[in-house]
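Copied over from TrEMBL, here are the features:
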{"type": "SIGNAL", "residues": "1-21", "note": "signal peptide"}
{"type": "DOMAIN", "residues": "91-198", "note": "domain 'LicD/FKTN/FKRP nucleotidyltransferase'"}
{"type": "DOMAIN", "residues": "207-244", "note": "domain 'LicD/FKTN/FKRP nucleotidyltransferase'"}
{"type": "REGION", "residues": "277-298", "note": "region 'Disordered'"}
Amino acid sequence: MRLPTCASALATASLIVSSLAVPTPEVESLVKESLAHRVQARNTDTKYFHEPGSDLTLGHYDERYFKGVVSDEDRTDTQKHMIRAYLNFFRENDMDTWIAHGTLLGWWWNGKRLPWDFDLDTQVANATLQHLGKVFNQTKYSYVSYDGTVQREYLLDVNPWIWERERGDGANIIDARWIDTRNGLFIDITGLAETHPDERPGEWVCKNYHRYQTSDLYPMRETVFEGVVAKVPYNYDKILVTEYQEKALTVTEFNGHEWDPARREWVKARALLEKEEEERKKKEEEEAMKVAEVAKLD
């Protein structure tokens, strides 16, 4: 083959190989877009704690230990022993913590949790929070009730984002959790820090923008919650009114429950009891229908 002809053949072959090896602009664009989305998804998912859902119920379970929604009775039992174990753990290790938010409101009424509350809330100072992260993160705490009839295990899981005291994207406002490893129910633990002592000295803030003055928090008051020693902020009345308004301390009907002054308990109202009975009967009928359908197939 003469040189010009050979060169022409090589150029043609090179062009063919190049056409086969290099994706079209459209394909290349799609590949880049797909990779970009995958990278962006990884980069934007900064949330540490995850729940099996986002509604009022599923949003209050840790997805790692979630096996299904528990009954009201099981939730009551879980939360009672969970807070006892939590408070015992902090007292045994000489660390300060106090009850907060809806848990503090429950204490105000009768020293117990609110029966409709799906989680419990506590707070710690930032110094304690950092100590938890360095010394006690991933601690598994074995608990035995005073009468020896209940044995449980809890996980103290500290969010690696505790060093960041600003809200950021809002995905990590919960600093740590005390988790019942049987069912995934938990206590939310949030830290308070003086994030801007130069501009607002004496103001303590969590990452969900709850703000407190030092004089509202300290000195802490020692009390009893769910049968064990606990602490509450010094100016608890002011804190509760600021967060929930005065009606939270006076209204005696809420969320399907009524306050029974004789028993000093929140009890289910008749309407809620009737609704639950209807739901129970409906579930039984549905189960019976399923059994009947299976029997027909057999």
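Every residue gets a Cβ built from N, Cα and C, even glycine.
Note on the domain 'LicD/FKTN/FKRP nucleotidyltransferase' (207-244): residues 80, 83-84, 87-88, 91, 96-101, 103-105, 107-108, 111-113, 164-168, 172-173, 175, 190, 192 of its chain, located 6 or more positions outside it, place their CB under 8 angstroms from a CB of the stretch. Residue counts of the region 'Disordered' (277-298) by helix, strand and coil are 21 helix, 0 strand, 1 coil (DSSP-based).
This prediction places the mean pLDDT of the domain 'LicD/FKTN/FKRP nucleotidyltransferase' (91-198) at 98.
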